[in-house]
């Protein structure tokens, strides 16, 4: 603990009675007081001059011009803060749009609900950029040659890379925080962008937390947001099933998510260490106890972002696991979840540990409150088959006679004539919906993703019946889930997987 430079003044103690002062005593006392004041004044001036010349070190995490995106180089705040922030917030007219990727050759039923295509949404979001684009991403692989594949389905990713280069050519700042080491060892995307002026930082999460940076979100101009399951990978646009959300014209939420981006950014400098306590400027004012309240297309809405792991949650930030459990705990009617992986264990520790936190929450909701639980899990050629006993165990709790309803299905994307594309053709979504709230995240459901891996979540609640022109966000997400649940690509655990598109064969 730092000691103060000087002690607080203490009132002098005087005797209860004193002899009367003589006139010359008063004069002498006055001269002494004046002399003391003069000495103090001269000393203060000397001290101020001395301190003025001493450079003061920045606080931990303070932004320095050489370390920040170009849009920050004239101060320690993003380009849109603080001069324009208040004015922009007054002009906020928040809008949330669900976005998704449907793999090629995976037709949905005619007239079924759908979200905006992800590739289209990303390109439109970049078209709105005027000052800066900040991207947090697990890895980058936007071109076919990145993985040695020549396939027309990579064209959308290549168009996205070209769009980003065009933004840099228009002097729009691009800052990227990505995980190190990376899965995309042969990708040149970030080198290409850096050569055009992009600022790239690799965050050594393995050294810092023994995890990875698994987040996937954008902050554009401190005003618009994308977040969801999709990586910066061309396969996420055409070969993998994804779901996310774009939020437009919502600077309060965008600048809150920007604080999470900044936690990654400051950890991307050489020899960075995790702080014991994050500085106040990283703190969030929005969380599950005090969410953002605003109008989304005129509809009263509450929303907040969560984050993981706990070490990357400054004061006020709700932990991602806590957000998931809170949404589950508030459900009274149903919990529908779509995730790529479901393990009530660790996935990347040896030996693995049992971790039934989410599993217990689903069981408690179904058994204790009669909540209808549906879990839709992805399966592809790279799926770990040891997941399926856990899924069967969860479904075994179901007992309609006792009003306990737990159903599990496996979503299988047919490989078809796309076998030349590795690590694709899978449901990669990570979302949950209840009658009260929508949760969209970036994490698979196992312990490591919440204890050591960097991820984010978005929790949104809209008032039923407050939107005469359309459904609430949670209703829209429920419709998308039920579309997938009732499709021919969703197979019950008591069924049989068609073809050779999944490691599990029923």
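Note: Cβ is positioned from N, Cα and C throughout, glycine not excepted.
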According to Swiss-Prot, transmembrane segment applies to one of these ranges: 31-51, 52-72. Which one is it? 31-51
Close to residue 94 (disulfide bond), taking Cα pairs within 10 Å and only the glycosylation sites 150, 171, 249, 444, are 249
I'd like to know the mean pLDDT over the domain 'PLD phosphodiesterase 1' (209-236). 98
By Cα geometry, the one of the active-site residues (214, 221, 428) nearest residue 250 (disulfide bond) is 221
Long-range Cβ environment of residue 428 (active site, nucleophile), under 8 Å and at least 6 residues apart: 229, 230, 236, 240, 241, 242, 340, 378
Counting only other Cβ atoms and using a 10 Å cut-off, which of the disulfide-bonded residues 94, 250 scores lowest? 94
Tally of helix, strand and coil residues over the domain 'PLD phosphodiesterase 1' (209-236) according to DSSP? 4 helix, 12 strand, 12 coil
Per-state residue totals over the domain 'PLD phosphodiesterase 2' (423-449) - DSSP helix, strand, coil: 2 helix, 10 strand, 15 coil
